[in-house]
Amino acid sequence: MNRLWNNAWITLSLAAFMWASNFVIGRIIPPSMPPVSLSFWRWTLAACILLPFVWSSLKKEWRVVLRHWPIILLLGTTGQAGSNTLAYYGLHSTGATVALLIQSATPVVILLFAFFLYGEKPSPKRIVAMLFAFGGILFVIAAKGNGGAASTIGGTLLLTATMLCQALYATILRHKPPTTPLVLLFSCFVAASLVLLPFQIPYGVGLPFHDSHSLSAIIYLAIGPSIFAFLFFNRGVHIIGASRASIFLYLMPVFGSLIAVPFLGERLGWMHLTGFLLVGVGFVLSREKVKSILSR
């Protein structure tokens, strides 16, 4: 277990897979469930699940949490409340594959945020890796027959805003308070629920689960893409840094497409496969860059 927890390659790959599944689930959830409600109950349920596991640590660290509430509120707003609510709205008019491709621009934006906010300059090798991966994404975007809903300007803009929120979250994560990982996650989940609460009130306080499929989906979202994915991603960022960890987000369209084909009927062609190959080249190049520090 310690080998998994201390290996950034494994933790970040698992986070990318779980976040990719979040977009597929977002397409499966019926439109009758408001995106705000889906996001609100996802984070509220995730916080409730975590509470028994963090209670003893929280009693020791609650003063630290209160002292750092501004950064926790910002992390919860960008990484949880804002990004996911915008994504669920955008997925009403955009296929999961296209949505994931938009999110794959996140590593580039993280580099830009890190440069402008902290003066971090990417190495030439990392730039080449980014170009390969980004070229693969453009190749997939150019492919026809994604099989999902036709993309609209509104959906594209919402998913672009999602990507910006995620990039900002990853960049400012370096300022996280000195708490245990689970306490940080719990605090961010609570912050996200509080941010979403005013927007949820008009929809009522009743649970919006109309069938067992919706209930199963929200439980999975609360456990997989919420608790475990953020725990794994935060750990990976702690080991190798945000800009290096961000390259693993290029795996999201690959994982997402493999999930979307059987569950959503979205089709893959040779251009998709070529694009995935280019993404893989970029991923391997970037992995060599951080090979020496992946097992700290």
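Placed from the backbone N, Cα and C atoms, the Cβ positions cover glycine too.
Bear in mind that TrEMBL entries carry predicted annotations, made automatically and left uncurated.
Note that the coordinates shown come from a computational prediction; the quantities given were computed from them, not determined experimentally.
Listed in TrEMBL for this protein:
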| type | residues | note |
| --- | --- | --- |
| TRANSMEM | 7-28 | transmembrane segment |
| DOMAIN | 11-141 | domain 'EamA' |
| TRANSMEM | 40-58 | transmembrane segment |
| TRANSMEM | 70-91 | transmembrane segment |
| TRANSMEM | 97-118 | transmembrane segment |
| TRANSMEM | 127-143 | transmembrane segment |
| TRANSMEM | 149-170 | transmembrane segment |
| DOMAIN | 155-285 | domain 'EamA' |
| TRANSMEM | 182-201 | transmembrane segment |
| TRANSMEM | 213-233 | transmembrane segment |
| TRANSMEM | 245-264 | transmembrane segment |
| TRANSMEM | 270-286 | transmembrane segment |
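Highlighted: of the candidate stretches 7-28, 70-91, 182-201, 245-264, 70-91 has the greatest count of Cβ pairs under 8 Å to the transmembrane segment (149-170).
Look at the domain 'EamA' (11-141): DSSP puts its residues at 112 helix, 0 strand, 19 coil. Beyond the ends of the transmembrane segment (182-201), by six or more residues, the same chain brings 36-37, 39-40, 43-44, 46-47, 50-51, 53-54, 57-58, 61, 65, 72-73, 75-77, 79-82, 85, 176, 226-227, 230-231, 234 to within a C-beta distance below 8 angstroms of the stretch. Within the model, the domain 'EamA' (11-141) shows a mean pLDDT value of 86, rounded to a whole number. Take the transmembrane segment (213-233) and the stretches 40-58, 70-91, 245-264: counting Cβ pairs under 8 Å, 40-58 has the most. Long-range contacts of the transmembrane segment (40-58) within the same chain, counting only residues at least 6 positions beyond its ends with a Cβ under 8 Å from a Cβ of the stretch, are 65, 80-81, 84, 179-180, 182-183, 185-186, 189-190, 192-193, 196-197, 199-200, 207-208, 218-219, 221-223, 226-227. With helix defined as DSSP H, G or I and strand as E or B, the domain 'EamA' (155-285) counts 112 helix, 0 strand, 19 coil.
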